[in-house]
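Visitor: Handing you a structure now.
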Amino acid sequence: MDSSQHLVTFEDVAVDFTQEEWTLLDQAQRDLYRDVMLENYKNLIILAGSELFKRSLMSGLEQMEELRTGVTGVLQELDLQLKTKGSPLLQDISAERSPNGVQLERSNTAEKLYDSNHSGKVFNEHPFLMTHMITHIGEKTSEDNQSGKALRKNFPHSFYKKSHAEGKMPKCVKHEKAFNQFPNLTRQNKTHTQEKLCECKDCWRTFLNQSSLKLHIRSHNGDKHYVCKECGKAFSNSSHLIGHGRIHSGEKPYVCKECGKAFTQSTGLKLHIRTHSGEKPYKCKECGKAFTHSSYLTDHTRIHSGKKPYVCMECGKAFTRSTGLILHMRIHTGEKPYECKECGKAFIHSSYLTKHVRIHSGEKLYLCKACGKAFTRSSGLVLHMRTHTGEKPYECKECGKAFNNSSMLSQHVRIHTGEKPYECKECGKAFTQSSGLSTHLRTHTGEKACECKECGKAFARSTNLNMHMRTHTGEKPYACKECGKAFRYSTYLNVHTRTHTGAKPYECKKCGKNFTQSSALAKHLRTKACEKT
């Protein structure tokens with residue numbers, strides 16, 4: 001017989017069920033699954049060494065307590081014999097009793113016998129006993145019947161090496177059944193039952209039965225048998241449907257032990273935990289920036305490549321991420337699916353609503369360690385920190401002006417291009433920024449959604465409310481690095497620094513006189529002082 005070794009994976013002949021899917025099967029379905037998997041597994045175990053089998057089997061039994069209990073005793077008995085002094089399986093040993101009380105006898109042929117405590121069947125090689133014991137897995141013993149428990153299977157998916165096992169045929173004393181050694185298991189050979197392997201015509205994977213093959217074929221033809229009753233979305237896997245159902249029910253069973261945040265899926269929790277641990281396993285080869293998720297890295301690499309595969313069919317604008325296109329499309333459709341329960345304001349993205357709600361609750365989670373200022377958004381804190389560091393990483397290629405925010409650069413570039421993509425449907429006025437359009441629309445509606453809790457004064461923009469709040473708190477976050485004088489607004493600081501630099505950017509076109517402030521120029525023009533010069 002050919003003694004060459006080949007790799008066979010149990011995944012080739014296995015049908016997977018998650019714990020959730022298993023609970024959905026009735027007893028008849030479980031019995032059928034058990035019978036099919038036992039047959040498949042026996043074919044592979046007979047080709048594997050005892051230690052390899054034991055490690056593989058026990059590693060897969062963590063979720064099946066009943067099965068682990070049934071198999072552990074057998075493995076302990078076999079361990080005892082393997083540890084006996086002398087050569088391995090075929091050396092004579094004196095009669096002794098295992099911890100389970102099973103008599104180990106010397107055979108007439110001087111070969112070591114292994115006694116199964118389930119049925120008294122005797123085998124002359126370790127792997128064959130393991131194979132035979134598998135047939136008992138799932139049977140109900142008298143002890144099992146008393147407790148109402150039946151042994152169930154949950155076979156591990158491990159790699160096994162096919163090899164030729166030499167020796168005499170193991171024999172079942174009770175049934176007088178001989179267990180012959182199986183031929184090499186390949187895609188061309190038949191199994192011991194003389195049944196041909198079932199082969200997938202698309203990918204050439206092979207399976208030992210038609211039911212396994214049919215389940216596998218779904219991955220190719222896109223069959224989606226599990227349909228959501230709420231929205232009609234279909235899935236090929238019941239576990240995926242269960243996870244999707246939580247979107248409708250609001251159930252979030254996966255809770256972070258650090259902060260209590262809950263998630264609908266375990267993958268969401270795993271990603272979130274990295275925000276606490278700081279783990280960022282996905283690193284960009286171009287710039288070294290690291291990410292918590294592989295998809296974030298994929299999106300990031302497009303910054304270097306300039307690739308923008310997601311194109312808007314309405315205006316032709318392209319995006320590096322599909323989410324960017326989805327959000328952008330809502331500008332054209334006007335869709336705002338996320339509505340605030342407090343004031344009724346709607347948003348195109350859930351994160352915008354989350355941030356908006358903090359205006360009502362007053363919650364500010366992000367605290368600046370330098371000055372103690374708190375922010376409702378993490379991005380607000382990041383931008384604020386640049387006022388301390390002076391960092392302005394985003395520079396205009398046209399004029400060299402730098403900004404601490406990429407969105408501010410994008411808005412600034414429109415000064416050079418003249419682009420005004422945001423147009424008012426009421427009067428046709430166009431704006432370079434979406435916020436400018438939003439503010440403008442309130443001149444038509446008269447809406448002032450942002451109200452001061454201290455004095456009741458209302459504002460059309462949240463930024464105006466934030467600036468107004470400083471009149472109550474006395475906060476002056478903008479300090480001059482030259483003299484230390486502090487100001488309530490950044491514009492005041494900009495004007496003040498010109499007293500140190502001597503810059504006068506505002507020039508009168510009539511007389512050529514320069515001013516440090518636009519208001520000083522406006523006053524100069526009103527008094528007609530330039531006409532006298």
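Using N, Cα and C of the backbone, Cβ positions are placed for all residues, glycine too.
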Visitor: State the residue range annotated as zinc finger by Swiss-Prot; the candidates are 14-36, 37-59, 198-220.
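Guide: The listed stretch tagged zinc finger in Swiss-Prot is 198-220.
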Visitor: Are there residues at least 6 beyond the ends of the zinc finger (506-528) whose Cβ is under 8 Å from a Cβ of it, and what are they?
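Guide: Sequence-remote neighbours of the zinc finger (506-528) are 495, 498-499.
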Visitor: Taking DSSP states H, G and I as helix and E and B as strand, how many residues of the zinc finger (366-388) are helix, strand and coil?
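Guide: Its residues fall into 11 helix, 4 strand, 8 coil.
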Visitor: When secondary structure is assigned with DSSP, how many helix, strand and coil residues does the zinc finger (282-304) contain?
Guide: 11 helix, 4 strand, 8 coil
Visitor: Where DSSP helix means H, G or I and strand means E or B, what are the helix, strand and coil counts for the zinc finger (394-416)?
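Guide: Summed over the zinc finger (394-416), the classes give 11 helix, 4 strand, 8 coil.
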